[in-house]
Each structure stands twice: as C-alpha cells, then as structure tokens.
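Asks: One structure is given below, represented as structure tokens, and several questions about it will come after.
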C-alpha cells in the first residue's frame, strides 16, 4: 500500500500556488448600431482614441474618426459586406502603421503598404505611423540644392530645390502626370528615392505609369502607392499619408526623396464623402471645415532637415486638377497657399502644341534661383526677360499691323525661344544640355533658322556636344558654371551645327 506523506502533498500544493499567474485580459468591445456606405456607427466603445484602429467580427479594420457622446463613427478600410448590425467591434489600442524600408523600393503597394504587384511579401520589420508630426523649425535647414526635373522650362524659370513643395496645377489632360513622371526619370543616378502616390485613378493608368518606369529603369529607385478608383474612400484618403511615411523613413536616414501626390483633388473628394456620411457639418463646396488641415499636415512633412538630423530631404510635388482653368476654386487656393510655388499647365498652350504646356507668366517658385547651379543662373535670367517681353509684344501686335524692324526681330526670337522649350514626353534633359539650349536661343544663334527647324537644330547640337565635345558636359557638371572654356566649346559646336544645317537646307 502506497503511503501518503502530508509534507510531500503540501510542498506540491505550494509549488503550484507559486506558479499560478493570474492574468485578467480586459478588452474594449462595442456593438455595431448601423453600417453602410463604408461607415459604421458603434455603441459601447467608451475608451477609444481618435484615429484608433478597430477590428470587426469579420476581420475588417476600421478607423475611429467621430467620437460622439453616445456612439463612435468608424470609417471602414474594406467593403464591410459581412458586418451585421449587432456584431461586436474590438478596440486594438493601435494607430495605423505601415511597413517601410529598402525592401519597399521597386514595389507597387496599396494605401496600407500591402503589396499588390504579385511579387510576394515585403521583407521588412521597420514600420512608421501613417500620421506623424512634421519637422519643427529648429529641425529644418534653408533649401539650397537643386532637384533637376529635366524639363528646361521648369529648371530655368521655376526651379525646384530639394525640400520644397511645388504644386503642379491645371485642367485634366494637360500633362500634369507627364511632368511628374519626367521628374522621376531624371532622378536616375542622383541618389533620390521617389514615391509616386496614385489617388483615385484607373488601374489601367497606374499600370501604364508602372510600365514606363520599368521600361526606363526608374522602378529601381521608386515606390508606387496606389489607391485606385474602385478602392474605398478611406484608402484614397490615407494613400498620401502612407506615401509621406515611406519617404520620411529615407529622409531621416539622411537620403533625398521625392514624393508625387497624383492628385490631391481626389483625396479631398474622398474626405468630403467620408465627412458627409459621418454627418459632419459641410462648408464651402460641401467640404468639411478641416479640409485645409487635411492637406497642410501632409505637405508640411516635406522638409530639408538640419545637419544634426542628417540633412536628408523630402520634396513634395502635389498635383491638383482645376475645372476650366479656375485656380480660384476652394481646393486649388488652399493648396496654393500651403505650397512654396506652383507650375500652372494651360489647356490653351497644350492645344496650341506647346508641350509641356507650362504657363510661365503665372507659374512661380518662391525660392527662386537659390535652387539653381551658377551655369543655369548665367543663362536663365535673360530667358525670363525675353519671354516676358515676347508675351507683352505679342499681345500688343494683335492690335497693330505695321511693326518696326526691332519689334519684328524680338517677336521672331520669342517664337524660337518658345520652340526650344518644347520637349518630348519621357525625355528629360540633363542640366548641361539645358544650359547649352538656352544659351543658343538667348544669344541670337537661332535667329536665322526657321521656327519649324529649331527642334531639329537643337537635336543636332545636343548630339554634337555629347559625341564630339563631351568636355563641355564635364565642365558644367564639375564646375557648375559656364566657364570661358565651356563657352568656347559651345560656340564651336553651334558654329559647326549651323554650317552643316544651313548647307543641307
């Protein structure tokens, strides 16, 4: 018979008492009162933060936006078809975060940075909050480095420095996206990480952009964030913030980044839809009262950081679509007041054959020539003046039939300057070629060449400089100035080209 020892039993009980770990899990749970149109009303979530992620029974995630006395207004990040009235909702005590890091480069992701390109998961452990504070005044440095777009009209007259926010504004089908894509293509080999955010666009349009970037080898340094037209309004609202978070990761590592938001008009419309469904009071054009803050907190995240923070930068190129050229509408005026300047694309110029259709008269960069190399400053000042005088004379000449010789010559030169600013799509020019092209125009070397022949002459000149006089490009790239030696090389190239060109006509 087995003997029972009381001391042994008591020691076993003592061990089990010591190992006992009482853990009470308290979860904040609510009940769905109403659901529909991408919005859910939830009762019982007493301890929930604004912007907190909530999980529904079917696995759908939502964001708490409206905190009211008796319910919480939640926007859904999915279709929410399986959410029923009376089903439970759990607070996660988390704010929306997205994966970031080098592994994201070259990928196409959705508004929550989940891959949608069929290339598998993104192998990264780093995350950033979708909404984070913009750098303060002490954290910033004055912008001074040029971000070359490869578009002559912009780099010469509306220069963009690294860390600036420059608005691209114009009617639909005026080439806004083309300007942005050219800018991405021109960053090849410059060490700039590009983020292209497509908001509310057709999937076919996004696929076309991906195809162009892949073909030109630009996808190797670009991330594409896509919230397509068929995605919920919540994802279209979040996509720009996700793009900014991805770019911020590289900025705080001391790298240079470029973010393109295409376009913020659609984000504002998605936010208006959400706000009206949440029964927030409508304001001008039915937008909610905080629509200015929607864009200001996004665009303020673009900055040139101080040396203490690594001197990284985030340059933002937001795009806004206008209706019939009306820049005085609510969203355009808001974004114009937030940004550091705007590039205005005109439908009239586009239809007249001037592409890119940049209206230099009302386009502006508030930083100006601080973002230009010395060589560009040497030639760009005269170009602005010549074009301004040309526009004035052209308007005047419509009312006068007999013009003096000097006026006729100035009008002829203006026509040729306009012609040399034309560029093919997806063919950005390096800065040394831009300097050569502008120098040729402003110094009258094109005056005896027919306007329709200017494009062919410029093409021959660029080829001559790159093949026979490569030293010209080397001097501009290294010295950043149009030295006497570079100017002589350029004059020789122009002379050779003119001789060959005029003999063939």
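Note that Cβ sites are derived from N, Cα and C of the backbone, with glycine treated the same way.
Quick paste of what Swiss-Prot says about this protein:
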| type | residues | note |
| --- | --- | --- |
| BINDING | 170, 171, 172, 173, 174, 175, 176, 177 | ATP binding site |
| SITE | 363 | site 'Required for activity' |
Asks: Just to be sure I understand the packing, how many Cβ atoms besides its own are within 10 Å of the Cβ of residue 177 (ATP binding site)?
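Replies: Looking across every protein chain shown, the total is 20.
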Asks: On the three-state reduction of DSSP, what should I expect for residue 170 (ATP binding site)?
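Replies: Strand, per DSSP.
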Asks: Could you say which of the recorded positions 173, 174, 363 has its Cβ with the most other Cβ atoms inside 10 Å?
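Replies: Output for this query is 174.
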Asks: How many Å separate the Cα atoms of residue 174 (ATP binding site) and residue 363 (site 'Required for activity')?
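Replies: On Cα coordinates alone, these residues lie 15 Å apart.
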Asks: Other Cβ atoms within 10 Å is the metric here; tell me which of the binding-site residues 170, 175 scores highest.
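Replies: Going through 170, 175 one by one, the largest Cβ count within 10 Å is at 170.
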Asks: Let me spell it out: for each of the binding-site residues (172, 176), count the other Cβ atoms within 10 Å of that residue's Cβ, using every protein chain shown. Which one has the most?
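Replies: Top count of Cβ atoms within 10 Å goes to 176.
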Asks: Rounded to the nearest angstrom, how far is the Cα of residue 171 (ATP binding site) from the Cα of residue 363 (site 'Required for activity')?
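Replies: A Cα-Cα distance of 15 Å.
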Asks: Cβ within 8 Å of the ATP site's Cβ centroid: which residues qualify beyond 170, 171, 172, 173, 174, 175, 176, 177?
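Replies: Residues close to the ATP site, other than 170, 171, 172, 173, 174, 175, 176, 177: 321, 345, 347, 350.
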Asks: Would you count the other CB atoms within 10 A of the CB of residue 171 (ATP binding site), including those on all shown protein chains?
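Replies: Excluding its own Cβ, the number within 10 Å is 18.
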